[in-house]
Amino acid sequence: MATNIDSVINLNDGTAMPLFGLGTAWTNECSQAVSYAIEQGYRMIDTAQRYGNEEDVGKGIAMSGKDRKDLFIVTKQWQNGHDACIQGLQRSLVRLDTDYIDLFLIHGPREGRNIRYRLYRPVSDSWPKRGRNVETYKAMMELKKQGLVRSVGVSNFNIHHLEGLRNAGLPTPSVNQIELHPWLQPREIIDYCKKYNITVMGYSPLVKSKMLKNQQICDLAKSYNKTTAQILIRWSVQHGYITIPKSSKPNRIKENMQVFDWTLSEDDMDYLDQNNVEEIRCAWDAINSEWHG
């Protein structure tokens, strides 16, 4: 569990990764947000080809003046396939203006269409279901051997997807990034990841602001003299998940990191955990897609 913003976890391949960072999915004024977050002490930035903001993230890092070696950059491969992955990483390096990526993830266990044509459109069930995950993962391991990637993982993978990689004889992913908050706690996936030493990274800890006015959360925020966002972020941090709240507003970016000098009581953690009976999903449901290799 993170005890401060500098806390790290050693992934299963030995890579040290911050337990707290800035999410940037569809963030307005992304460059300024990234630069300000780094100035405040954030050391991990999460982006993706799909978000269309890698270049802005790179500009924000440059604006901050922080040494690249002191930062941890996460990005995700959108279009599956061996050659698509190699080419995608090269483009990401250019856009992010960096020589390497710290953590490179398969964005999801189904094939996405070319990023240039589908960048801002929702995922459709009519998209090709041929996963091409195995060849994509092999390409990522090649990139790791070349020193272009430090660690390789996945995102939105369910147990049967992770088993598919394992049955293919591939190295265990270092990270599985999944949607994670009190109203969506895929405990079977979390337990599987713990069993095989796959670090769980949760996205959308703030449920895209959908539950910030929830009475239960408001009551807890009042009792702790914290914001509702801080209650949700602290829940994630206290569970030991890598946590990446997003915001483009300086006051919120600073506020979101002020979650390390207090704790939620065991009873209140249990109280929040009970929300899992009411599933609220705010991102695409790739978790429940079939495995297509």
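Every residue gets a Cβ built from N, Cα and C, even glycine.
Pulled from TrEMBL, these are the features on record:
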- Tyr51: active site, proton donor (ACT_SITE)
- His107: substrate binding site (BINDING)
- 29-274: domain 'NADP-dependent oxidoreductase' (DOMAIN)
- Lys76: site 'Lowers pKa of active site Tyr' (SITE)
How long is the line from the C-alpha of Tyr51 (active site, proton donor) to the C-alpha of Lys76 (site 'Lowers pKa of active site Tyr'), rounded to the nearest angstrom? 9
Express the distance between the Cα positions of Lys76 (site 'Lowers pKa of active site Tyr') and His107 (substrate binding site) as a whole number of Å. 5
